[in-house]
């Protein structure tokens, strides 16, 4: 059968990684197996990706590495958009406005203005009270549950095997003697997985309110020192609008709370009053645990017994959709560098 590759995890990072293996490194899909406890369509607090608001925003840190992951993802998502069949796949472009109660720094601003389509700095005279800086641009929006399912279906149809399996130790991901490489894309699970148990991994809890508001087709975000308010329309979702949110470090609670729902609705309708031009129809309230990591994402190759290779790719926190393609590209490059795979990188 030849050497086999296992991708451990089927959240957005695992799916991006599998896509990169095929389309950036030229690996044969039939030699790739995705192994995961949770698969697209599942709902669990420990399966973060379906709960995401789902857009490219300025939530990520301003270090050079993460900014590069963001840039790569933003500029290359059109490839996935095209291969998956256009906007119906759960990925589309929409206008976005972002405000900060503080200046986000030259490093972030100078990076963003290089590549964001339709990038404009909003004049101070047009900023809401208390806002220090604002920009507008055209972004990518995800319908996260739909996009995950379509990505998995796309890969499966190209002969990638997808297996539901709960593992307690990363060594179990080496399914056969032919499994030579494992990509560890376990997200929050990296905190407990035997052989990994990364003490730097922690949850950043969020709560969102999903409403029916087809008249809202723009993103609007406001970033404070200790809060985040965001309004994110889901493409091809029959008018779903995600309202958020919270960034609660080290909070493992998967429950939702009415007082947080009230706070989210208050903040988002103040930020974009026209949400209330139509009666507010709440579809669902959900909480998710962003897979954060002290020091940022771990993208690292680890040579194991008998020359087997584990490549870690996790810790994307709340920016997996917008930085994950770049992260996965970098992780796959580690395979190319270590195994000298014939590749297009």
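Yeah, the Cβs are placed from backbone N, Cα and C, and that goes for glycine too.
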Problem - According to Swiss-Prot, which candidate in 290, 298 joins 10, 13, 49, 53, 55, 317, 320, 321, 322 at the FAD site - result: 290
Practice task
Please determine which of the binding-site residues listed here (10, 49, 317) has the lowest count of neighbouring CB atoms within 10 Å.
Solution key: 317
Exercise for the section: In whole Å, note down how far the CA of residue 290 ((R)-lactate binding site) lies from the CA of residue 49 (FAD binding site). Expected result: 8
Problem - Winner by Cβ contact number (other Cβ atoms within 10 Å) across the binding-site residues 230, 321 - result: 321
Problem - C-alpha spacing of residue 321 (FAD binding site) relative to residue 290 ((R)-lactate binding site), in angstrom - result: 12
Practice task
Pop the Cα-Cα gap between residue 230 ((R)-lactate binding site) and residue 10 (FAD binding site) into the table, whole Å please.
Solution key: 26
Exercise for the section: Taking Cα atoms as reference points, rank the binding-site residues 55, 317, 321 by distance from residue 230 ((R)-lactate binding site) and give the first. Expected result: 55
